[in-house]
Amino acid sequence: MTTLAQYLNTKATTPALNDVITTVTDVGKTISQLLRKGALADILGEAGNQNVQGEDQKKLDVLANDLLLDALAQNSHCAGVASEELDDATPANVDGSLLVLFDPLDGSSNIDINMAVGTIFSILPYQRQGQVSENSDFLQAGNQQLAAGYLLYGTSTVLTLTITDNVVMFSLDPDTNDYVLIEENVTIDADTSEYAINASNYRYWRAPMQQYIDELIAGETGVRGRDFNTRWVAAMVGDVHRILCRGGLFTYPFDTKYANKAGKLRLMYEANPMSLLIERASGGATDAVNRILDIEPIDIHQRVPVVLGSKNEVDYIKELHLNHTDK
């Protein structure tokens, strides 16, 4: 039985990375405990305000954000923290060598109905040690990530992590309060018959995405010649976890529903860390044309379309978009 601490001692590239990952995952234990208490801890319901994204915050959104922010601010290796919930990045320790970005509680609309939610995190190098970190320091492409992962709070609490060339999973043992290794080399099959998409936005999609979904719905009677099933958790962390466990496709494509937004999901807090996990598990991740991990960010709250999962389906969607005259 291998614990997270034992794994990090042998795999983490530096003591600093080891320590920051430990800080994030320790906070995950606290969030997991709060979620199990639910209404008994008075953490359900609305917080009464909105985040920088214009979304109504849940009480646990705010609490999870504050727990992570406070813990990382006390970590000497962390130079700065950026959260999906806050307008600007928060400087931490000027001598730190790492930057941490996180979505404190992905899928928070699921909290009050007792469905899966999670914490997504990304760790980047900090290049200006000795100086106070700024928003611009976080504007690095996803291919620069030193580590990425998520904590899924479901029937059990699962940590999925990548710090080398592979993806591993740990389960939080409620008896010992340790993360215990359960999967050492997560791999996604190239082919799949499952897809996750919010089909209510169909009329807002570009023609290539409409064509793709039409083909899947036609199933064995259409050009694909086989049937597909829809799965939708309404939390990216839940859908990505299912894909890492048994393959599949997840997409939140470009749409015209909100003309001023390039996509629904955030590049820095969601798309980049999840894309790194998916690619290192032999899957693919694109905005329908470009590799997500190669996108050069211009804002810490930048949004992008996302298509990720089983590689053959991701490649096919990209081909449909590249071959379409109105891309």
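Placed from the backbone N, Cα and C atoms, the Cβ positions cover glycine too.
Database features, via Swiss-Prot:
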- E84, D103, L105: Mg(2+) 1 binding site (BINDING)
- D103, D106, E270: Mg(2+) 2 binding site (BINDING)
- D106, G107, S108, S109, N198, K264: substrate binding site (BINDING)
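The binding-site residues S108, S109, N198 differ in how many other CB atoms lie within 10 Å of their CB, and the one with the most is S108. According to DSSP, S108 (substrate binding site) sits within a helical segment. Cα separation, S109 (substrate binding site) to D103 (Mg(2+) 1 binding site), rounded: 14 Å. Within the same chain, the residues at least 6 positions away from D103 (Mg(2+) 1 binding site) whose Cβ sits under 8 Å from its Cβ are S83, E84, T119, I120, F121, R266, Y269, E270, listed in sequence order. Within 10 Å of its Cβ, the residue among the binding-site residues E84, D106, E270 with the fewest other Cβ atoms is E84. Cα to Cα, K264 (substrate binding site) and D106 (Mg(2+) 2 binding site) are separated by 13 Å. Neighbours of the Mg(2+) 1 site: apart from E84, D103, L105, residues of the same chain with C-beta atoms within 8 angstroms of the site's C-beta centroid are D61, A64, N65, S83, E85, F102, P104, D106, S108, T119, I120, Y269, E270. Summary of the Mg(2+) 2 site environment: with the site residues D103, D106, E270 set aside, the chain residues having Cβ atoms within 8 Å of the Cβ mean position are E84, F102, G107, G118, T119, I120, Y150, M236, V237, L265, R266, Y269, M274. G107 (substrate binding site): 21 other CB atoms within 10 A of its CB, across all protein chains. Taken residue by residue with DSSP, D103 (Mg(2+) 1 binding site) is part of a strand. Here the binding-site residues are L105, K264, and the one whose Cβ sees the fewest other Cβ atoms within 10 Å is K264. Counting only the Cα atoms, the space from N198 (substrate binding site) to D106 (Mg(2+) 2 binding site) is about 16 angstrom.
In the three-state DSSP reading, N198 (substrate binding site) counts as coil. Under DSSP, K264 (substrate binding site) is assigned to coil, being neither helix nor strand in the three-state scheme.
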